[in-house]
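One structure below.
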Amino acid sequence: MFDDRSPIYLQIADGIKNDVLSGALKEDEQVMSTNQYAAFYRINPATAAKGFAQLVDEGVLYKKRGIGMFVSPDARDKLRAARRERFFTEVVDPMLAEAKRVGIGVDEIVRHLGGAR
Amino acid sequence: MSAHHLLFRVYRPIIIVFTAILLTSDLVVTTLVVVGTGHIGFSMWIVLAGYAAKYWLLVVGIMLVVMQLRQFVANGGTRHEFLAGAAVFGLIVTAGFAAVVTIGHGVESMVLGAGDWRGDGYPTLPLDGMLGQFGQLFPESLAYLMSGAMIAAGFYRWRPLIGLVVMVGGAIPAAVADGLLGVDEFGHVAARLPYPVALALSLAATALVGLALRRAISDVPIKRTAG
Amino acid sequence: MIELRDVTVRFGSTVAVDDVRLDLPTGKIYGLLGRNGSGKTSLLSALASYRRPTAGTVRFDGVDAFENPAVMRHTCFIRDTLDVSDSERVRAVLRVAGWMRPGWDADYAARLADLFELDPSKRVSALSRGRRSALGVVLGLASRAPLTILDETYLGMDAVARADFYRELLADYLAHPRTIILSTHLIEEVADLLERVVILDRGRVLLHAEADELRGRGIKVTGPDTVVADFAAGHHVLAEQSLGGVRAVTLDWRPAPDDVARGEAAGLTFGPVGIQDLFVHLTSPSQRLEALR
């Protein structure tokens, strides 16, 4: 489930963000408690709590005291906006760099993408 | 649970089995001798139970240090709690054993007397002699228990060489008690000194070694030894 | 809070624990890592008052722990050798723990014994190494001691039993939070369960950090000799190897995504460094050699 590339709490946060983006987690839907999450994924609850705290800080989740944590109503839109911003720098630019290394021209890429339309 | 409660629970089955074996052996041997020769010239009970009370308590003293201390600390007790509990346990068990040996001897003496089976050398124990015998056995058993514990503590805590030196010191209570209060199978007491003096010396030796034991155990590392 | 203040444990002229100062907030799961002979067991023995430190003190919430009845009652130290009588039956060992331990859960102990297929009527001496360890797990978990120390309590257990052990440990910790210290060599297996990690090296604390922070703390960089050298400049090198013109270095550094992108553009590849790798690099003698150069 988790790898060694980065702290687990960041991977937890990313996983939940992906679920929100994909719609697997809906607006105002309750997410697992840190203890449930820890037991399910076999991780330390403090690590899970840290991941959730990060999401609360970023506004993806909100807390209802004594009940649990829920997906913020605007979380999906905010995440989409942020990801769209990063799309070109994080996805397209590396692809272009790789294309250049192996000698694929932009025209060829555009043609390929045209096929995907 | 306090240490003496734990020790009684741990030792209860052992004590019961041990006492049963003693009783059975005494009955069998005494009966055989009486049936075979018509009378018995010594007290099987004193031979068996009298010696067993001493040597078994010596072994108990050793086991307390080698086994139960570790068990007690590993379950969340302190060494001081253990020492206090072992003292209570030791006093009660030695007193109990001395009483059992005395009463058993008294009963044996009475039964053999009633059947006219007492031989020449048999150490008859009249009712008014019982307190005296208890007074010999109790401090002697106590001394053996203490010697066992101290000898074990020497080897448990220190290197074998130092353990040997401690062993000599640890044996003092048993040696003093044996020399001054010892009773043989014919019921003869060594009685080199008047009883009060002998008792005082024996108890003093036991108490001194008890203090040394307390020092040795109060911060002893809990060893990994299996056992 | 558990505080070790300048704790030293010496055996004759051998220094097993060397002036250790450590603050351990309670209620967390700690991993104590260290190579053989690094002083783990000696440190734990001092922590559990099995041994009075040669110098220094162990304090619980400000009071000296040694021979303190309240502290010792709440401490459960399970050594790899197990402090039980070999001649006793498993049932008797558990019964004694039940008498002595204020938090003992007999039902839970029975369930655990069942899980590990530990026959209560067997004598301890007849148990295999793995079952012996399982008995240690049962004693350690069912005691529910506020400070539970498990010193390599997995020896001889197969992968399935170990997985059961880790799952039960976490589940019971979630239900009954307490301070648990796991001393282990199988770092990778327990890394996810740990909140904090203490690495001991030759009697000293080499590192005390949040376990999760160690993940991704280092990075492995591979590429052409000179490019790698450029990239690694100014960063602590934990390990390196080269073959032909290719060099691979392990750095104690967490580069920003921009740095990684820049490196990749220059032809470098990056690989993760797990907690286990980090531990090996930090405590291996070649690393010390490296530091001396």
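The backbone N, Cα and C atoms fix where each Cβ goes, and this holds for glycine too.
Summarising the annotation, TrEMBL assigns transmembrane segment to B:12-36 (among others). Remote same-chain residues near the transmembrane segment (B:12-36) are listed as 44-45, 48-49, 52, 56, 93, 100, 104, 108, 112, 115, 117 (criterion: CB distance under 8 Å, separation of at least six residues from the stretch ends).
Look at TrEMBL and you will find B:42-69 (among others) tagged as transmembrane segment.
If you look up TrEMBL, you'll see B:81-103 (among others) marked as transmembrane segment.
Per TrEMBL, the feature transmembrane segment maps to B:137-156 (among others).
Residues 54, 58, 136, 139-140, 142-144, 146-147, 149-151, 153-155, 189-190, 192-193, 198-199, 201-202, 205-206, 208-209, 212, 216 of the same chain, all 6+ positions outside the transmembrane segment (B:161-181), place their C-beta atoms under 8 angstroms from a C-beta of that stretch. For B:161-181 (among others), the entry in TrEMBL reads transmembrane segment.
Residues annotated as transmembrane segment in TrEMBL: B:193-213 (among others). If one looks beyond the transmembrane segment (B:193-213) by at least 6 residues along the same chain, the residues whose Cβ comes under 8 Å of a Cβ in the stretch are 83, 87, 132, 135, 139-140, 142-143, 146-147, 149-150, 153, 169-170, 172-173, 176-177, 180-181.
With a threshold of 8 Å between CB atoms, the same-chain residues lying at least 6 positions outside the transmembrane segment (B:137-156) that come near it are 50, 53-55, 57-66, 69, 86, 90-91, 93-95, 97-98, 101-102, 162-167, 169-174, 176-178, 181-183, 199, 202-203, 205-206, 209-210, 212-213, 216-217, 220, 223. Within its own chain, the transmembrane segment (B:81-103) is flanked in space by residues 2-8, 11, 15, 19, 45-46, 49-50, 53, 56-57, 60-61, 64, 68-69, 72-73, 125, 130, 133-134, 137-138, 141-142, 145-146, 149, 210, 213-214, 217-218, which lie at least six positions past its ends and keep a Cβ under 8 Å from the stretch.
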